[in-house]
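Over in Swiss-Prot, the protein carries these features:
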BINDING   HIS83, HIS182  heme b b562 binding site
BINDING   HIS97, HIS196  heme b b566 binding site
BINDING   HIS201  ubiquinone binding site
TRANSMEM  33-53  transmembrane segment
TRANSMEM  77-98  transmembrane segment
TRANSMEM  113-133  transmembrane segment
TRANSMEM  178-198  transmembrane segment
TRANSMEM  226-246  transmembrane segment
TRANSMEM  288-308  transmembrane segment
TRANSMEM  320-340  transmembrane segment
TRANSMEM  347-367  transmembrane segment
Amino acid sequence: MTNIRKTHPLIKIINHSFIDLPAPSNISAWWNFGSLLGICLIIQILTGLFLAMHYTSDTMTAFSSVTHICRDVNYGWLIRYMHANGASMFFICLFLHVGRGLYYGSYTYFETWNIGVILLFAVMATAFMGYVLPWGQMSFWGATVITNLLSAIPYIGTTLVEWIWGGFSVDKATLTRFFAFHFILPFIITALVMVHLLFLHETGSNNPSGLISDSDKIPFHPYYTIKDILGILLLILVLMILVLFSPDLLGDPDNYTPANPLNTPPHIKPEWYFLFAYAILRSIPNKLGGVLALVLSILILMLFPILHMSKQRSMMFRPLSQCMFWILVADLFTLTWIGGQPVEYPFIIIGQLASILYFMIILLILPTISLFENKLLKW
């Protein structure tokens, strides 16, 4: 009798994806973040589902319902903080996953890469709408500021913003629709993840050397299942340390004040994972220019397959490109820091320089260095 795992139509799909999948023998811990993102998504959907059972999406009761979850629901505080800090873990894994892709040239699988960028946008949209739901001061003003950016679109801007708001300001209609979208998007993300994996399994995984590894493959199970379980345990350990010891470490104290349209907080800033993009947005004095730079700061990832000039795929054997890559990482840390600072000297100029450097490294310096390294190969 043939093994059911190889014949059953449904189990066969799981078998080809997670059990008998041929994987390169040399993929490092940087390849763990895909599975960690999957776990993050599952944690977020489950905790989010239980939160939605007790949450009310009405301006009068939203803040109180979150308080009720934390005070009165059994382990509600745990579910709420796992969801809030789970988002932070999600973004840490996302940034590391994207960084791995950039470093090792995984973007040459361009269908997989482009769906990944769309996924990044979808997760960012979901996180933004989720941040609005507790209806604290930073929720309200964050929603007001970010949705208002769309008014920079010529001709249709103002109409578009009022259409999204469902009125002339962020109010009940806005909160209700944000809750609806925040609920549905993770399931759309799950579908996109399946497409992401479908395209990845068409080509097989990349590996640190960037070379074709068809001649040296090992089965995914047990080697990488065990490796992934180790990663998952570490992820859960870090998440639970965050949740149980300092759940508010990454949050904003302003969000413990109920939303008040008559009182603007002195410093409006998003969650830490959006600060780099927020810094780029604020670096440009023009509204439309800022919005374009904000969108392009993420959309630029789609240009990497076109901008790849090197004869080698991975940066493993390209020390000059490695150097520029780590300068880019340092630049992103700088932008994240600036995004959380008030708009005053010297932060404005630092932010502007860091923003220029960000686009210059990606569009100009990395491709130029790659061409130079190609010349070095001939020495």
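Yeah, the Cβs are placed from backbone N, Cα and C, and that goes for glycine too.
Of the recorded ranges 77-98, 178-198, 226-246, 288-308, 347-367, the transmembrane segment (113-133) has the largest number of C-beta contacts under 8 angstroms with 178-198. Packing against the transmembrane segment (288-308) from elsewhere in the chain are residues 98, 102, 105, 107-108, 110, 113-114, 117, 120-121, 124, 149-150, 152-154, 276-278, 280-282, 355, 358-359, 362-363, 366-367, 370: each is 6 or more residues past its ends and has a CB under 8 Å from a CB in it.
Of all the binding-site residues listed here (HIS83, HIS97, HIS182), HIS97 has the Cα closest to the Cα of the residue listed as 'ubiquinone binding site'. Here the Cβ of HIS201 (ubiquinone binding site) has 14 other Cβ atoms within 10 Å, regardless of which shown protein chain they belong to. Here the CA atom of HIS83 (heme b b562 binding site) lies 24 Å from the CA atom of HIS196 (heme b b566 binding site). Counting in whole angstrom, HIS83 (heme b b562 binding site) lies 20 from HIS97 (heme b b566 binding site) by their C-alpha atoms.
In this view, HIS182 (heme b b562 binding site) is surrounded by 21 other Cβ atoms within 10 Å of its Cβ, with every protein chain counted.
Remark: HIS97 (heme b b566 binding site) has PHE33, GLY34, LEU37 as non-local neighbours, by Cβ distance under 8 Å and separation of at least 6 in sequence. Other C-beta atoms found within 10 angstroms of the C-beta of HIS83 (heme b b562 binding site) number 21, with every protein chain shown included.
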